[in-house]
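This report concerns only the one structure given below.
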């Protein structure tokens, strides 16, 4: 039976070729893993060929192999690709393994190779022996068995000096471009070149801070292994490379720097993020893009978006376009700047719809293209959108969002087949309106953070920094009939309109005059539960569910008040029915006094089956905690 063993002089071969041109030209390099330990999100170890040792690093991409036991302490691995790097403040070089495979699980102990001379001749033979220091019962992979040190291992620096003359000539290094995989990069590396595709490009932004005003934009890069990283450029570098980088194209990039990623501002899964400065080199690889994957999507079905409402992460969605609104102008509160906005409504096989808000160039370019082909019901895939709670669930594109119309994807073809066969005739409902309270599913907005009303009213500082969200089970107790319960709204953008001179209604947002308008609710109601009561603000979609009819219909009832007083009857019918609410709590200022503002974000009649299941779960938690 063949015995697993290390490659003789493997460490010498690695040091003689510190940066191989191609992994295909590497000799067989089998080493033993010694002193394997986790350091942060990486793994440190010592590579041994039985005679010499070299400290090494396994990136976080190998965590699955380590946790599954494929790579074990005292086990053997075959190194398939690597680089030998200098680490700041460290005297020796480190072996950075970028690709390897498991050869053997943990051996009983560390392999040692002895050198013995025969009859005084210069020839030496090697024999491998295992010096077992303790009982055989300690041969588990996690226990380190160290033999007596019979041979002093040379440092990497000593071996480098001894074998400098055998290193590959510089001319050979210049014959081909050494391209590093993104997974191999770390902040301690010096010179590297990567070959990547720009899968997402954000717009140029202007910022102001204590150091002054500046410009910034970022791109998301993907290499041939599918690894992604975010690269950011500031000021001079941003202006230099903004027009150079184009989404979908492939580039060689060198002379950038890496740092630990700030997950708050990064939407890709990588431990590091890249900064490209003014001296970085960016070269388009026009004829070599076929090997780099296009934009990768991880689609979330529309009926599952409720799980991501107001979350920190962005999501990818795909759907058939049902409606495209005209472009409208929105005034930013920060700087009063007017920016274009366009809303599109999409649907998928879950038979749910959701509104996606497009901004700036997305609204005016791709948005206009969608409007022109809206009658064809195109499929649109969107990467990186934020999930908000407007109308229960809503989506908003951000500067780095990627929009693809009728993409060549399996999901797109499947969606098109569904829509053409049955979707166009199916009854579709808004995902926000259809958020039935289910404690285990899409009703997360109705059951997450369930509190009594007294929790809100007894904490006047709630929502001081930013809005906070809670779920309530309560009753509508009072709807004042004398309040202004609706406003006249533009049919296009739903903003308030004023009566125009002559006839019709003027919309400031759309900058146009219309003959007709809609009535939309803006209603205040009091809700109550066993712990207390509070006033809440409700807007059109939620108020329609509470009242049971549109504002236009209720206005007609009010204008025909008679002995039956159907208007008052309608309001009374809405009271004292058990409801589940999702509310936001924020602070507003009125007459220099801070006040709590509670706004209904979603409402649904109480589902007794789901509520019983929720209460039983709460009882089980209470018993378990006792």
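Glycine is treated like the rest: Cβ placed from N, Cα and C.
Listed features, source TrEMBL:
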{"type": "REGION", "residues": "114-133", "note": "region 'Disordered'"}
{"type": "DOMAIN", "residues": "192-273", "note": "domain 'OB'"}
{"type": "DOMAIN", "residues": "309-406", "note": "domain 'Replication protein A OB'"}
{"type": "REGION", "residues": "429-449", "note": "region 'Disordered'"}
{"type": "DOMAIN", "residues": "469-615", "note": "domain 'Replication factor A C-terminal'"}
Checklist entry - When the domain 'Replication protein A OB' (309-406) is classified with DSSP, how many of its residues are helical, how many are strand and how many are coil? => result 16 helix, 54 strand, 28 coil
Item to check | Helix-strand-coil residue split for the domain 'Replication factor A C-terminal' (469-615), DSSP-based | outcome: 33 helix, 71 strand, 43 coil
Item to check | the domain 'Replication factor A C-terminal' (469-615) [mean pLDDT, rounded to integer] | outcome: 86
Checklist entry - Can you tell me how the residues of the domain 'OB' (192-273) break down into helix, strand and coil by DSSP? => result 7 helix, 43 strand, 32 coil
